[in-house]
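Undergrad: Before we start, here is the structure in question, set down as structure tokens.
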Amino acid sequence: MNPNQKIITIGSISIAIGIISLMLQIGNIISIWASHSIQTGSQNHTGICNQRIITYENSTWVNHTYVNINNTNVVAGKDKTSVTLAGNSSLCSISGWAIYTKDNSIRIGSKGDVFVIREPFISCSHLECKTFFLTQGALLNDKHSNGTVKDRSPYRALMSCPLGEAPSPYNSKFESVAWSASACHDGMGWLTIGISGPDNGAVAVLKYNGIITGTIKSWKKQILRTQESECVCMNGSCFTIMTDGPSNGAASYKIFKIEKGKVTKSIELNAPNFHYEECSCYPDTGTVMCVCRDNWHGSNRPWVSFNQNLDYQIGYICSGVFGDNPRPKDREGSCNPVTIDGADGVKGFSYKYGNGVWIGRTKSNRLRKGFEMIWDPNGWTNTDSDFSVKQDVVAITDWSGYSGSFVQHPELTGLDCIRPCFWVELVRGLPRENTTIWTSGSSISFCGVNSDTANWSWPDGAELPFTIDK
């Protein structure tokens, strides 16, 4: 090959390489442009990702699927149809309680970033269930956990996190500044009620889908407080009960009807010998039933039921299987307050089925330890202490605490009835475990089923003290 041929050959190869390089660059530019277009596309665009569709509603991601394209998370969304939770169905027939969730938050918090909390509760929309809780503005195993045995402080807030997960700064959503709270979903949006402020002038702030819609001022100036569990929504209206007045004597109790976060009606109960605190409420066949805490003089639980016009009935659970703590040993009951060991109390719940009642209670009648569910087939109206079913949930050697009801509507479950459920708070630390400087809790929950269930103990299980306590 002569020199001219060599030059021509080398030149041809160089041109070919240049053309190939140019084509690769053009392809890369097209790829980057296409990726950018996907990422910045309209939020209303619907994408199919492994045959799963993500739903976006009211600024809350309901179902998540992430697809990695060039190391960038792309989320597709579309509107989800809202419904109106009717609450007209009856409670599902059940024979026992199946374990639903356990968050193990104290165990996880010994090493991870987990909030110091109390008063957890669960509430469900037609799409999902969420855990709500009152944080102390502090993390477990941190210096700010010191002194969190205190109930009311300006650092407390109502927050929510996915069901069954330990509440942390990474998975939790702020709802309201509050040291007493409630929340519920009407099928279109979340109503939250957060009470904060001084004991003699606290205010309940109402929010609907995160926007302040109203306030309720303390009317007795004696620690306005509410349920510490879910409110009840039926046919577009939500209902809650608040207490204002002494915790050891007659107080004032009001039912509020709320629509899209605004109070449309309220009444004060005429209940001079009753005491209602921290009510656990649920819908049943178009009415609201609330089972509450008598902190004044009853070791059996008071109840109030009302319709959507706020016409109400009141009473005490008659059964000799007493539901409060402290309480006497089971004996002859009463449809009025049972005053033996009636002072003080703990938040709890029951479910009424005709003349029968499922009673949730601590296993200990003096300490907040253990938990059990008891079916008394005549206990709503009869005063004997006979029962036919007892299901163990937490052993008497392990700490429990508050408990409360929540329900799953047919719009969520696909059933033709309202499924009854409950949660139990498992409190650890002060005041009973004085090797710690803090007070917090984890939680478990159960739902009613008409099939086989287990008798066991699902305790908190954390080993104390923590590093911060030593």
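Placement of Cβ uses the backbone N, Cα and C atoms for every residue, glycine included.
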Undergrad: Write down the one residue from ASP284, ASP311, ASP324 that Swiss-Prot lists together with ASP294, GLY298 as binding Ca(2+).
TA: ASP324
Undergrad: If you have Swiss-Prot open, could you say which of CYS335, CYS447 makes the disulfide with CYS421?
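TA: Swiss-Prot annotates a disulfide bond between CYS421 and CYS447.
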Undergrad: If you follow Swiss-Prot, the disulfide involving CYS231 connects it to which of the following: CYS184, CYS233?
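TA: Swiss-Prot lists the disulfide between CYS231 and CYS184.
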Undergrad: Please state which member of ARG107, ARG293, ARG301 Swiss-Prot lists alongside ARG118, ARG152, GLU277, GLU278, ARG368 for binding substrate.
TA: ARG293
Undergrad: When the Cα-Cα distance from ASN146 (N-linked glycosylation site) is computed for each of the recorded positions ASP294, GLY298, ASP324, TYR402, which gives the smallest value?
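TA: Closest recorded candidate to ASN146 (N-linked glycosylation site) by Cα: TYR402.
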Undergrad: An 8 Å radius from the center of the ASP294, GLY298, ASP324 Cβ atoms defines the neighbourhood of the Ca(2+) site; name the other residues of that chain inside it, in order.
TA: HIS275, ARG293, ASN295, TRP296, HIS297, SER299, ASN300, ARG301, PRO302, TYR316, PRO337, VAL338, GLY342, GLY345
Undergrad: Using Cβ atoms only, which residues of the same chain lie under 8 Å from GLY298 (Ca(2+) binding site) while being at least 6 residues apart in sequence?
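TA: For GLY298 (Ca(2+) binding site), the qualifying residues are HIS275, TYR316, ASP324, PRO337, VAL338, THR339, GLY342, GLY345.
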Undergrad: Would you mind giving the whole-number mean pLDDT across the region 'Head of neuraminidase' (91-470)?
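TA: Within the region 'Head of neuraminidase' (91-470), the model's average pLDDT equals 98.
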Undergrad: Provide, as an integer number of angstrom, the distance between the C-alpha atoms of CYS281 (disulfide bond) and TYR402 (active site, nucleophile).
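TA: Pair distance, Cα basis, whole Å: 14 Å.
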Undergrad: Please identify, among the recorded positions ASP151, ASP294, TYR402, the one with the smallest Cα-Cα distance to CYS92 (disulfide bond).
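TA: Considering only the listed recorded positions, the nearest one is TYR402.
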